[in-house]
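According to TrEMBL, the feature domain 'Receptor ligand binding region' maps to 74-388. According to TrEMBL, the feature domain 'G-protein coupled receptors family 3 profile' maps to 436-540. The transmembrane segment annotation in TrEMBL covers 440-465, 477-495, 501-527.
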Amino acid sequence: MSIRVLVELFIGVNVKKTIKNIADSSIVNHGKGKINRYELLRCHTQLRNEHTRKAIIREEQTYRSQCLAGPGINAMFELLYRPPYKVMIIGPGCSVACIPAAEASLYWNLTHVSYSCLSPSLSNKERFPNFFRTSTPDVMQNPARVGIMEKFNWRKVAIFQESNEYFASLMDSAIVLMDERNITLITNEIFQTDVTLQLQSLKNKDARIIVTGFYQGQAESIFCQIYHMGLYGEDIVWTLPNWYTANWWEAATGCTPEQMLKVLQGSLYFGPVYKNPVLETSIAGINTDEFDRLFLERTNGSKPYGMNMNPVYYDAIWAAALGLNLTITKMAERGINKTLDQFTYADYEINQLIIESMHEIEFIGIRGYTRFDENGDPSGIVEILQQHGENVTQVGIHLPSADGEGYFHWMNGGIQWPGGVPPRDSSIIIPIKLFVSSNLYSSMVALAASGICIAFSLLLFNLAFRKRRLIKLSSPNINNIILLGCMLSYATVLIEESSEQHVLLFCTMRKFFFVTGFACAFGALFAKTWRVHRIMITSMKGVKKV
């Protein structure tokens with residue numbers, strides 16, 4: 001029986017002798033470079049074992065999705081229109097190409113398995129009921145990100161993301177989780193091409209903890225621009241995805257690797273763990289270390305682009321094979337008078353049976369235990385890495401728990417900060433109490449006290465001789481108010497708090513005395529001036545009449 005599967009990097013396997021052959025002559029390359037034997041070996045390594053008797057890889061026809069929606073859909077349709085019928089799609093590897101491909105495959109009644117599409121949108125079962133993946137979606141990494149924020153008491157965080165559906169879904173999920181944990185989002189900067197305004201906004205708003213969302217191509221130019229803007233240092237932490245290639249900063253133009261490393265020093269990388277941290281034997285009869293050894297034997301020690309994702313490529317093939325294997329068993333048990341060889345793109349019933357089988361399979365893969373949840377996503381471990389000079393070191397992992405919170409397991413000394421102190425999430429405003437010198441204050445008190453004494457003496461003088469004609473002509477009542485205002489203003493100098501407990505009381509008294517004193521003195525002086533003005537105007541009118 002010949003079972004045909006459309007695979008981006010196609011592998012033919014024989015699983016437990018039940019599926020005799022999963023084969024197709026067409027290959028789609030999701031990368032930007034030319035397809036080569038290393039990419040094929042990524043899935044082919046050690047498929048010849050006690051479970052797989054025959055592996056067929058043919059690459060006469062090569063198609064590239066180029067990590068773009070248009071070329072990806074075109075490549076898929078080219079393959080689907082070529083006989084024979086396919087029963088499953090594996091790939092593509094980039095979310096931007098995977099989303100439209102998964103939407104389109106639904107109308108062909110094809111189950112879709114991806115190995116490296118991480119977009120949170122693909123977890124929407126109403127939109128993608130036929131989609132499964134062996135890589136943990138990025139949205140499942142948000143609990144680890146927020147957990148780190150809580151660990152270091154970061155309560156003010158900024159987001160800096162590229163404008164596309166993948167990063168929008170990821171950051172929207174992060175914002176919801178941050179809001180639940182009372183973490184403030186100080187700004188969400190979104191860019192399309194030029195990032196100058198967004199970076200300036202981050203700088204103006206004193207962003208210290210910055211969660212990023214953009215592809216490696218943009219990162220190379222963006223972090224160079226960050227260097228020239230000076231938006232880096234021990235007090236700033238950038239968080240990045242872990243799927244950037246090793247030494248990715250060396251490809252930047254406009255900055256030297258040393259300058260890029262100044263910006264990246266201390267940065268944190270989050271992403272799925274592609275290798276099982278526990279050396280347990282997988283369904284293929286090998287563990288993670290043995291898998292790497294066998295792969296490097298086949299590549300003569302070469303480490304091709306994306307080698308860190310080998311386990312999820314490999315496990316995707318196993319998931320597809322096991323799913324089809326279980327489907328064949330179910331078809332026999334339910335008395336379906338048909339084989340997978342007779343599948344057509346109009347066969348809705350068989351496709352639903354394949355989807356049902358995919359939800360039921362579970363196995364130990366190279367990346368660890370694999371079982372798809374109701375959204376078609378695998379449970380996974382999130383790794384945390386930190387930039388230390390030229391090295392990106394794994395400092396911990398975040399493991400799932402029954403309560404959904406997860407927990408951290410630290411390694412290699414955990415996250416380390418310069419001086420042993422984690423950066424703060426914002427500038428701290430510390431009020432500092434400044435005092436004038438004792439000599440100056442004593443002089444001011446002496447002058448104020450003298451002023452009060454003089455004003456009080458003049459007030460007594462006005463009251464004592466208020467009936468004298470000369471005093472009456474000077475408006476004694478207004479003069480008294482002016483003197484009272486002066487005394488209140490002078491008294492402001494004498495009011496000084498003696499302890500932290502009475503600061504508010506003394507500040508209120510000082511403001512009250514000064515405002516009241518100024519109002520009395522200036523108001524009375526203005527009233528006296530106005531009175532003299534009116535007297536003069538009236539006198540002049542009287543002279544004219546005469």
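Think of each number as a place in line: the chain as shown, counted from 1.
Placement of Cβ uses the backbone N, Cα and C atoms for every residue, glycine included.
Keep in mind that TrEMBL annotations are predicted by a computer and have not been checked by a curator.
Long-range neighbours of the transmembrane segment (477-495) within the same chain, counting only residues 6 or more positions beyond its ends whose Cβ lies under 8 Å from a Cβ of the stretch, are 444-445, 447-449, 451-452, 455-456, 458-459, 462-463, 506, 509-510, 513-514, 516-525, 527-528, 531. Across the domain 'G-protein coupled receptors family 3 profile' (436-540), DSSP helix (H, G, I), strand (E, B) and coil residues number 92 helix, 0 strand, 13 coil. If you take every residue in the domain 'Receptor ligand binding region' (74-388) and average the pLDDT, you get 90.
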